[in-house]
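Asks: Take a look at the following structure, please.
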Amino acid sequence: MSRRFTVTSLPPAAPAAAAADPESRRHSVADPRRLPREDVKGDGNPKESSPFINSTDTEKGKEYDGKNMALFEEEMDTSPMVSSLLSGLANYTNLPQGSREHEEAENNEGGKKKPVQAPRMGTFMGVYLPCLQNIFGVILFLRLTWVVGIAGIMESFCMVFICCSCFFSAAGGSYYMISRSLGPEFGGAVGLCFYLGTTFAGAMYILGTIEILLAYLFPAMAIFKAEDASGEAAAMLNNMRVYGTCVLTCMATVVFVGVKYVNKFALVFLGCVILSILAIYAGVIKSAFDPPNFPICLLGNRTLSRHGFDVCAKLAWEGNETVTTQLWGLFCSSRFLNATCDEYFTRNNVTEIQGIPGAASGLIKENLWSSYLTKGVIVERRGMPSVGLTDGTPVDMDHPYVFSDMTSYFTLLVGIYFPSVTGIMAGSNRSGDLRDAQKSIPTGTILAIATTSAVYISSVVLFGACIEGVVLRDKFGEAVNGNLVVGTLAWPSPWVIVIGSFFSTCGAGLQSLTGAPRLLQAISRDGIVPFLQVFGHGKANGEPTWALLLTACICEIGILIASLDEVAPILSMFFLMCYMFVNLACAVQTLLRTPNWRPRFRYYHWTLSFLGMSLCLALMFICSWYYALVAMLIAGLIYKYIEYRGAEKEWGDGIRGLSLSAARYALLRLEEGPPHTKNWRPQLLVLVRVDQDQNVVHPQLLSLTSQLKAGKGLTIVGSVLEGTFLDNHPQAQRAEESIRRLMEAEKVKGFCQVVISSNLRDGVSHLIQSGGLGGLQHNTVLVGWPRNWRQKEDHQTWRNFIELVRETTAGHLALLVTKNVSMFPGNPERFSEGSIDVWWIVHDGGMLMLLPFLLRHHKVWRKCKMRIFTVAQMDDNSIQMKKDLTTFLYHLRITAEVEVVEMHESDISAYTYEKTLVMEQRSQILKQMHLTKNEREREIQSITDESRGSIRRKNPANTRLRLNVPEETAGDGEEKPEEEVQLIHDQNAPSCPSSSPSPGEEPEGEGETDPEKVHLTWTKDKSAAEKNKGPSPVSSEGIKDFFSMKPYGNQSNVRRMHTAVRLNEVIVNKSRDAKLVLLNMPGPPRNRNGDENYMEFLEVLTEQLDRVMLVRGGGREVITIYS
């Protein structure tokens, strides 16, 4: 588990208590490697000239006792020089491996209406019977016999079992359940798919109604007539389009007038369904001892259609004369015996068999296996003798054979059959009318599923046992005088089935046109799909008028397809998708153990839901893989639309719980260990400052974050407000909202955290320590350079910054400091050319290599080339360093120009001494800002006395030093290019610094010798030009006096200032025109007495550069040559 400690400042009495508690002290002791050298060494003699803390090799210490790298000398133990690193990396032997509300209330209009209490129904009338009516329908009466004849009893049994198992596992709610369990995106997408499935189901039922009407009830009503047998299919489709449109209009009108009329006729339609099923079972029982008489005529083994002839024979006897029959005339050129006849007709005999042999005939063995057909082939009886044609002459389509109208295969039959099991949602959709929905829905639905499954499975076996195979494969009953095939088995008359199925399909169509608009209205009123909101309105009584109109238009599309066999797979896709997500919703809620998931139905296990989900997904692709892809594409588009444009809904869905569980699992996995070097990337904690209006002061920091992260990894944007939590909580919320808006505008994907603390120092410390969660924590801190740090009256800004640097070092975090952040490019900007210059001075784990590589992935920096500079000292082999660095970059697969800059030993310039003197005097004076007036004057006197001691030998006059530092304007952070120091003898000097003259002013009395007043002004330019110019107006003794003047402190400040000045000169010379300069950031001094000088070192190091990023590694390797 994750163990984290947050360090806070202790009250004055706390140190004693902490000392008394060894356990607390154990957690607060710093790493000995991070302690000052005096504490580690313990001899009281700090070796500031050596970069090695514990080194006893004086020779090695003297080797690095140079002035050029003094700024980084305290880190040489943990961050070696590049020169020493590259020599070891030449062969890569040392390279490390690296709720708001639960539900929204009803609209105000609905709340004002007078509620109408509808009669409450029980399980039988409210769930069981409606499910039966919707499940038993067009497929049972029109297609099940054909499915059994084509697939055989065995495969049909498997098909029915799979489909029944699929919808048996989906006994639950539809849109409401999915949307509240899987979220509005899934709910809206699947809900609309369910709506489309219900709408196309209405089209399928209407097409079934028209097929029964034109094929079995009133064939003469056909408007389009076929001239020959080959045109009958096209004429039938056109008739179905015309009559289907008329029936759809009538049904939509009935639904529009009032759904109460549909409910009144529902029992009548349900009675027809039950009566028809009972008639089928009665016919099966009767066929066992008294089969019905439905003879079938066969020519050879080919089934003949009964249209066009009456006697199943070639010749007939009339008296003593042999005459030809009507069948002869259909196959021969004339009615005479010497006529030319079809070759197959001549070679084969005509036989007549019973189409319904009965349950006791043993026919079940013949119908056990499948007989798949291709389009246009003749339905043949297996086991019958037949003399085939020798020359392969094609069959004449005008002959009275029974032809297959489509190519059949198992997956097609699954798609056609599945709509017969799509009525299980009828009870769930009526939950508002039930007396006890929680009890009635599962009980009634499961009973209905059990009943219908038993009926379907038994029907498969009984149809195969009672009906001849060629009759089963005859889809439209042409071989049995155009009767409905299942009607031939019924008792007492086939008309029972024909009339019952007609009213059954009519009722199912009305139910679909009633339920689909209400489903669309529910989705529209939820407001998750903006462009559908208009369909949420309706009549004054709540009837969905506009939704009904859209439903009728979509249903017309199915009518225009005009083929029941083509429409069935379409609605199968949508229903299967709905059932799949119902199972997924149940499984997710169960696995997550959601507190609000408390179903009363206990006989359930989540594995059943996953099994049902898998079955649904498999059936989608079994039925039709291209329809499945189209359905998924439609659902995906709706999902993305709702995600980006839909209204925000907080329904406590299971997806949030799933995300939480996945996040928890991932966080626990991250706790197993730190990431490998190959997977390391900067996980940023961006520290920003907000103004009084809670707006981010420097939005360019977030632009840089976006360019650096490119949407990957962790980003935490943090800010600190001063005050107490109780008083400033509203301001913190506004600040968070402002930061989030800016993050969204800058396309920064991450988190926002605003901390309220009594002071900024503690608040930043808490952010650094407690940001992130578990293994998902930041490893890099990005912060801006403190502007105008010299002008702060309380001088706390630069102190906070230095403590921030120390804390990131102690926490092994990388630190990125951007200077002149206002000049950094925004995301819309593009650099067409330029370079990113990396100054690699000490090895920091590879951060300097990795950052430009990441930046150049962004469009802003993509066209900038990368240049790497490293510094060679007098003892280094610069040629070998360049070769090693080039090889190193090649193995890192980083393209960059390499240059080694040589920095030889040089004398410390007067400018360096002057900058050091100014720095030290400023530091000492700032320390005394809180002293009394007398104490302040005495302290300043002691400072000036020590500084004056270096020139007292040449000027014995009683001089006094006064320091004048030019103040920067408070409005911007730009520094004046020159700083002036004046040595003025003035007995009445004020006790605190005053403003200095402008850089353009020339000092008075230059070149004059005044025993009471020495006034020397030095700038960097003057210092550089001193070597080349002739005799100065100032006397040579005065210059020697100035050079002999030493800062009152130790020589480390002089050497560090010398390093900063020399490095700055080299960097400015090489990288003045670079778009970005990255260089190592030296650490603050371990002796806190030098904190005041640290900021001055960094200022000198980075002056005259536009965009600078100071980089400080976190103490681990972040880049590797291994893939």
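Just so it is clear, glycine is given a Cβ too, placed from its N, Cα and C backbone atoms.
According to TrEMBL, the protein has these features:
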COMPBIAS  22-46  compositional bias 'Basic and acidic residues'
COMPBIAS  47-56  compositional bias 'Polar residues'
COMPBIAS  99-112  compositional bias 'Basic and acidic residues'
COMPBIAS  932-949  compositional bias 'Basic and acidic residues'
COMPBIAS  969-981  compositional bias 'Acidic residues'
COMPBIAS  990-999  compositional bias 'Low complexity'
COMPBIAS  1010-1029  compositional bias 'Basic and acidic residues'
DOMAIN    127-285  domain 'Amino acid permease/ SLC12A'
DOMAIN    408-685  domain 'Amino acid permease/ SLC12A'
DOMAIN    699-817  domain 'SLC12A transporter C-terminal'
DOMAIN    830-962  domain 'SLC12A transporter C-terminal'
DOMAIN    1055-1123  domain 'SLC12A transporter C-terminal'
REGION    1-64  region 'Disordered'
REGION    97-117  region 'Disordered'
REGION    929-1040  region 'Disordered'
TRANSMEM  122-142  transmembrane segment
TRANSMEM  148-171  transmembrane segment
TRANSMEM  192-220  transmembrane segment
TRANSMEM  240-259  transmembrane segment
TRANSMEM  266-285  transmembrane segment
TRANSMEM  406-426  transmembrane segment
TRANSMEM  446-472  transmembrane segment
TRANSMEM  492-510  transmembrane segment
TRANSMEM  546-564  transmembrane segment
TRANSMEM  570-592  transmembrane segment
TRANSMEM  604-628  transmembrane segment
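I'd like to know what surrounds each of these features in this structure.
Replies: Per-residue confidence over the domain 'SLC12A transporter C-terminal' (699-817) averages out at a pLDDT of 86.
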Asks: Give the one range among 492-510, 546-564, 604-628 whose Cβ atoms make the most pairs under 8 Å with those of the transmembrane segment (406-426).
Replies: 604-628
Asks: At a C-beta cut-off of under 8 Å, are there same-chain residues at least 6 beyond the transmembrane segment (546-564) that contact it? List them, or none.
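Replies: For the transmembrane segment (546-564), the list is 138, 142-143, 196, 199-200, 202-204, 206-208, 211, 237-238, 240-241, 244-245, 248-249, 252, 255-256, 513, 516-518, 520-521, 524, 534-538, 570.
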Asks: Let me spell it out: take the transmembrane segment (492-510), skip the flanking residues so only those 6+ beyond its ends count, and list any with a Cβ under 8 Å from a Cβ in it.
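Replies: Same-chain contacts beyond the ends: 133-134, 136-138, 141-142, 201-202, 205-206, 208-209, 212-213, 216-217, 247, 251, 254-255, 262, 265-266, 268-270, 272-273, 275-276, 279-280, 282, 423, 483-484, 486.
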